[in-house]
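These come from TrEMBL:
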type     : residues                                                                                                       : note
ACT_SITE : Asp459                                                                                                         : active site, 4-aspartylphosphate intermediate
BINDING  : Asp459, Lys460, Thr461, Glu569, Phe707, Lys730, Arg765, Thr845, Gly846, Asp847, Arg949, Lys955, Asn978, Asp979 : ATP binding site
BINDING  : Asp459, Thr461, Asp975, Asp979                                                                                 : Mg(2+) binding site
DOMAIN   : 83-132                                                                                                         : domain 'P-type ATPase N-terminal'
DOMAIN   : 1001-1239                                                                                                      : domain 'P-type ATPase C-terminal'
TRANSMEM : 133-151                                                                                                        : transmembrane segment
TRANSMEM : 334-357                                                                                                        : transmembrane segment
TRANSMEM : 386-411                                                                                                        : transmembrane segment
TRANSMEM : 535-552                                                                                                        : transmembrane segment
TRANSMEM : 572-596                                                                                                        : transmembrane segment
TRANSMEM : 1037-1056                                                                                                      : transmembrane segment
TRANSMEM : 1068-1085                                                                                                      : transmembrane segment
TRANSMEM : 1114-1136                                                                                                      : transmembrane segment
TRANSMEM : 1148-1165                                                                                                      : transmembrane segment
TRANSMEM : 1177-1198                                                                                                      : transmembrane segment
TRANSMEM : 1204-1226                                                                                                      : transmembrane segment
Amino acid sequence: MADGERTAFGDLLRPIADPPVRPDLISLSASATAAASAAVDPPHGSRSEADRLGASLKELADADARIVFVGDPGRTDPGLALPGNAVRTAKYSFLTFIPRNLFEQFRRLAYVYFLAIAVLNQLPQLAVFGRGASVLPLAFVLLVTAVKDAYEDWRRHRSDLVENGRAAPVLDPAGSGQFRPRRWKDLRVGEVIKVLADESIPCDMVLLATSDPTGVAYVQTINLDGESNLKTRYAKQETMSRLPSITAGSVTTLIRCETPNRNIYGFHANLEVDGKRVSLGASNIILRGCELKNTAWAIGVAVYTGNETKVMLNSSGATSKRSRLETHMNRETLLLSAILITLCSAVSICNGIWLAIHRDELELSQYFRKRDYSGGDEKYYNYYGIAMQVFFIFLMAVIVFQIMIPISLYISMELVRLGQAYFMIRDKNLYDESSNSRFQCRALNINEDLGQIRYVFSDKTGTLTENKMVFQCASIRGIDYSEGKDPSPNGSDVYCVVVGDQFWRPKMLVKTDPKLVRLLRSEGETQEGKHARDFFLALAACNTIVPLIVGTPDPKQKLIDYQGESPDEQALVYAAAAYGIHSPLIVLGILGGRCCQIKIKIRRAKYTYICRITDRGDCVLCMLGCALPCQCSTSHGIGFAFKTQDFWPFLSHSYCLCYRLQLLSSTLTASGFIACCMSTLTHIYGRNIFTCTPGICRFNVLGLHEFDSDRKRMSVIIGCPDRTVRLFVKGADSSMFGVLEKSIDLDIIRATETNLHAYSSVGLRTLVVGMRELSRNDFEEWQSTYEKASTALYGRGSLLRAVASSVENNLQILGASGIEDKLQQGVPEAIESLRQAGIRVWVLTGDKQETAISIGYSCKLLTSEMTHIVINSNSEASCRKSLEDAIAISSKFVTISSRAQNTITGSGSARVPLALIIDGTSLVHILETELEEKLFKIATVCDVVLCCRVAPLQKAGIVALIKKRTEDMTLAIGDGANDVSMIQMADVGIGISGQEGRQAVMASDFAMGQFRFLVPLLLVHGHWNYQRIAYMILYNFYRNAVFVFIMFWYVLYTAYTLTTAITEWSSVLYSVLYSALPTVVVGILDKDLSRRTLLEYPKLYGNGQREESYNLKLFILTMMDAIWQSLVVFFIPYMAYRDTTVDGSSLGDLWTLAVVTLVNIHLAMDVFRWNWITHLSIWGSIAVAVMCVILIDSMWFLPGYWAIYHIMKTGLFWLCLLGIFAAGMIPRFTMKALAEYFMLNDIQISRELEKFGNFNDFTGTEISMSTFSQTHPGFIR
C-alpha cells in the first residue's frame, strides 16, 4: 500500500508475522540478525486450537517443571538423570526373557492349574506319570508361545537398532555454528538440532527457526496420530530474530516446560529470552515420529528424548477384549471341573472303602506294605492310613484325569484365530481399491464375535458417506444459486494457470452456477456482485488449507491439491477457486522462493504475466499495454510484462497496473494467499481473460480464530485494499444465527433459513457465512485483548475463546453453502442386508436433523413405511413427557398393527415399523438419569434409531444403553476421532480408514476401507468364525472327556489305585499330537455354507445370534456322547480279552488306537468342505498315532515293551476296532440323520440346497401387505 494512501488506521492493516530467517541463516552467521529484525509479525490466531486447548491452567513452578537451557545440555542435565534418546520397543532382554515371558504366560489361570498338576506329579507319594511326561504338555505350550514371542521381540530389537542408529545434525557446542551429525540415541535434552525436508523428527523439539521467512513449518503426523494431512507449527519471533546470539551463548535462553506426559495435542511451557518471558503451546513443538514437509529445514531444541517423548508414552498395543464364546466357555469349564471333582471324589471314596474292606489283606499287598526280613522290623511305604490314602488318591486322580480340562484348547484357539485373521486379511472382497487398504485384524481374540452381532452403531460422515465433500450450491444474501453445472469434459471453462510450459489447475473440479459466474464477471462492481465476492473471499480466507502441487501422467499438467484437516474446508476452497478467487496467487505462494522469475498466464488467454519475487519477499505483477517488452518500476520492486497484439484491443486505455502480493505468515495456506488480485473474469470469445481494476489490491490476514467445539465457528480478520478491516465468520447455523444482527436484513435471514432447510432436506451439509466491518476502536480493542490472551501463562485457552466470542457478534449475513457428502458405494444394499440378517442399525451423527434424515432415506435406513417418532426437547421435564408419549404411541401402533394383521391374514402379529429420531440436546437430559430406562424401552421397540447432533461421549452412552441392559452383542463403526469412545465401548469396534485420520483405526479391533465390507465381514466371515470356533470348543471338550472316562472305567477294575493301562507318553501325546492338528485345520478351513449362500440369504446369520452352535444343551449332549463312546471303547476290548492272557499294556495300546481313530472319524463326520489339507490332517493324525504307539512299544526301557506287536497280530484286535467304530458312532449318526430329516433348521436346508438343489427353484415370491404406516405416513412429535 502506498504511503500516501494510508490513513491513521493504515498502520493497523499491516500483517503481523514472526520475523523471517533467511536461508543463509542455516550456518547461523551473525550477519543475519539485521535482516531478521526487519521482518513483520505473524497473523493473530495463527496458532492451532490444540495450542489453546493445551494451554496452561496454572503457572509452572520450578519444582513441577523441566528447565531446559537452549544449547547447553550439560547445564540442563548435569547429573545425566534425564534419559537419552535411545528408544526401546522390545519387551525383553537376553536376561529377562525367560522370567518375564513365563510371568506373562502364567497370567492365564489355566496354566497355573496345569503347573500345579505337574508339581503334584513330582511328589513320590502322588507320582502317577513319569516326571518328564507330566511336564511335557505344559512345557510344549509354553515353548511354542515363547518362540513366537521371541521372534516378535527379535523383530522389535532389529527395528530399534535401525531407529537408534539414524543420524541427525546437532549444533557444535564449541560455538562454531556448524551442525555435525550424531546418532539419534546420543541426543540429549537441551541440544539444538536441525531437521531437513522429508526427514523424521528425532525427538520432541521446540522450534527455534525454520527456512520459511515467517517461521512456519509443516509437519505430517501420520506416525503419531494417523492423520495424513499437513499441520502447521511455528517458531517464535524472539528465537527467530535472536537465533545466532542464542546458539552462540551470548544470550541466556531457557525453556520451562511441563514434565513428560501423553497428551500429544497439548504443550505447556514458557520461553525466557534475555529476561523476556513468552508462552509456548502445542503449535511451537514438533514431536518425534512426525516428518518435516514442504519446509527446507527447521531448527529446534530437544525438550523430551527417548522414552519420555510423547510418541513413546502413547505407544500401546491393541485393545484387549474377550469374546462371548470364551466367556461362555468358562461356564463349561466349571462344569468340567465339577465332573473332574466328581470322578476324583468317586475314585478316592471307593478306594477308602476298598481299603477298609481289605484292611486285613494289605499284608500281602506289596503295593502298600513290605516286610523287611533282614532286620526283623516292619517298614511301611505307600500307605499312610485310610484317611491320608483317600486324600492322596484324590490328588492322584486329579493328575490322571487332568486333561478333562484341555490345555491344548487354548493354543488351538490362538492358532485358529490367527488362521482366520489371515484369510480375512487376504479376502479380496474386503480390499478397498480407492484407498489401497486391506482389512486389518487388530484384536485376534474376538473373531467369533463377528458372527453374533445384533446392534450396529454407525457414524454417518465418513462411514456411511465418503467424507469427500463436494460444493453443490450457495445461498448469497438470500438468493439461491443451486443450478450448478459440471465443468465441460475438455476443460474449456476451468480456470488454469500456465507456469513455463506447464498447466496448473485445481485437483478437484466443482460445479459452477452460470448465473453466479455472470454476476462475478460482468457485475462485479454492483452491490450483488460485491456481496458474492465477499462470500467467496470468506470461503477462501477462513480455513487452514495447505495447497500442494502434485504431478500427473502428463508432464505438462500439474494439479493443485488443497490439503486440510477438514474435508469441508477443502470443498469450500475448491469452490472459491472454481469461481476465480485463487489465480494467480496460488502459484506465487507455492513458488515462494527468492529472486526467481516466473512466467504465468491464464490458460487460453492471449497475454502473459511475468512476475518477479523481490528480495523482500514481495511479488510484483505488471501488465503494460504500451510497450513490448517493457519495465515498470515501483517502490515495491521491479515487474516485467509482455504485451501481445491479441490482448491490446481489449484495453480501453493504456496504463500500468502494478500489484504487490505480500507473502504472509501462512505462506502455503489459503489464508495467506488472500493477498491476491481481486479481479473479474470476463468470458471473451470462449476465453477466460483476467482483467484488473487499477490500483493495489492487497489483503492482509490480521487474525485467525480457528474452529472449536464450543463456539462451532471459525473467523478471520482481513485488512482490505479499501483501508477497511473486515471480520469473516463461518460456522454451523445453530451457532451463527445467534450472532447475526437481526435488526437489519431480516428478510434475507429468513430467506437464507429457507434455503438452508432445502439444502438439508436433500442431505447437504450446510455452513452459514457472515461478515462484520470493524471500526478502529473495535480492532484496537480486539488486538489488545488478543495479545493479552495469547501471551497468558495460564487459562490461555478459555481467554482466547472469550476473545473470539467477543468479536464474533453483530454480523451481517453473507450467505450459506451446501456441500454434498456422497454415500459410499453399496451402503443402501449393505444396510438392507444387515436388516434382513436381524441386525439393528443405529446411526449416531453430529449433523443436523434434516441432513441426517435425508441421508437416512438415501441409504435405506429409513423407509416410506416407517413412522417417525421425533424427540427434540430442551429440559428434563419435556424429555420425560416426550418419552412417555413415545412409549404410548409405540404400544398403540403395535396393537393396531396386530389387529390389522390378524384381520387380513388370520396369522400372527406384525407391528408397524418405527423409527426413533432424537437429538443431542435431549440426550443431555436423558443419559445417566432415570430417563435412560424409558429411552431404552422405546429404542428397543423401534426398528431404527437416528441420533442427531450428538457428542462423542453421547455416542458411547448410547452404546452403553444397550450393552449394559441386554446380552446382545454390539458393534460400533466409525472413521473419526469423535468415534473412538463409541468404538471402545462396543463389544466389537471397527475403524474406517477414511478422510479424518486414523484415530478410529488405531482404537479399533478391526479396520477396513468401506462400510459395505461390513456385510461380507459379518454375514460370511463372522458366520464361519463363529461356527468353527464353537464346534472346535465342543469337540475339544468331547475328545478329552472320552479319553478321561476310558481311564476312569479302567480305574474301577484296578482297586481304585489309579494305575493306567495306557502309557504315560500316549496320555501326553493324545491331546498334543494325536488329535490336535485336525481341529486346527477344520477350525481354519471348514465352511458349512458357501459365501454366495450366506450373502444371498442374510437370515442365515441368525444362527450365531441365537447361539445355535454353542450352548449348554449342546454341551450336555456332547458329554453324553462322550460317555457313550468311552463305554464302547473300554468295554468291547475288555469283554473280548477278559478271559485271555493279553496284558494291560496291550489293552492300553488297543484303547489308545481305538479312541484316536474314533474321535478323528467323529470329526470327519462333521466336516462340511473337504480338501487335501483336511484329509492329510485327519488321516495323517491316525497314522501318526499308530506309528508313535509302535515306536513307544519298541523301546525296551519303557513299560509295555513289544505289547503292540502281540495284540496286532490277532484277528480279534481288528474285529474289536470295527466293533468300536460301529457301536460308538451309531448314536451320533442316528441323531444327525433324525435332525436333518425331521428337525431341519435354516443352515441344514441351505446346505441341502447347495448340494442337491437349484436355488431358483426354491425362491418364492413375497407379497408385500399394506400396513398402517403406509396409509398414515408422517412424523410423530
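Note: Cβ is positioned from N, Cα and C throughout, glycine not excepted.
DSSP labels the residues of the domain 'P-type ATPase N-terminal' (83-132) in these numbers: 25 helix, 0 strand, 25 coil. Sequence-distant neighbours of the transmembrane segment (386-411) (same chain, 6+ residues past either end, Cβ-Cβ under 8 Å): 108, 110-111, 113-114, 117, 120-121, 125-126, 128-129, 134, 137-138, 141, 144-145, 333, 336-337, 339-340, 343-345, 347-349, 351-352, 355-356, 359, 1032-1033, 1036-1037, 1039-1041, 1043-1044, 1047-1048, 1051, 1056-1058, 1060, 1067, 1070-1072, 1076. Within the chain carrying the transmembrane segment (334-357), a Cβ under 8 angstroms from the stretch's Cβ atoms is held by residues 386-387, 389-391, 393-394, 397-398, 401-402, 404-405, 1037, 1041, 1044, 1048, 1051-1052, 1055-1058, 1115, 1119, all 6 or more beyond its ends. When Cβ-Cβ distances under 8 Å to the transmembrane segment (133-151) are tallied for each of 535-552, 1068-1085, 1204-1226, the top count falls to 1068-1085. Counted over residue pairs 6 or more apart, the CB atoms of the transmembrane segment (1148-1165) and the transmembrane segment (535-552) come under 8 Å in fewer than three pairs, which marks the two as apart. Cα of Thr461 (ATP binding site) to Cα of Asp975 (Mg(2+) binding site): a distance of 8 Å. Nearest to Gly846 (ATP binding site) in space, judged by Cα atoms and limited to the recorded positions Asp459, Asp975, Asp979, is Asp459.
With respect to Cβ pairs under 8 Å, the transmembrane segment (1114-1136) is most closely packed against 1037-1056, considering the stretches 535-552, 1037-1056, 1068-1085, 1204-1226. Within the set of recorded positions Asp459, Asp975, Asp979, the entry lying nearest in space to Arg765 (ATP binding site) is Asp459 (CA atoms).
In terms of C-alpha distance, the listed recorded positions Asp459, Phe707, Arg949 place Asp459 closest to Asp975 (Mg(2+) binding site). Rounded to a whole number, the C-alpha distance linking Arg949 (ATP binding site) with Asp459 (active site, 4-aspartylphosphate intermediate) is 11 angstrom. Sparsest Cβ environment among the binding-site residues Arg765, Arg949 (other Cβ atoms counted within 10 Å): Arg949. Tertiary proximity for the transmembrane segment (1177-1198) is limited to same-chain residues at least six positions away from its ends with a CB under 8 Å from its CB atoms, namely 1063, 1065-1066, 1069, 1073-1075, 1077-1078, 1080-1082, 1145, 1149, 1152-1153, 1156-1157, 1160, 1163-1164, 1167, 1204-1205.
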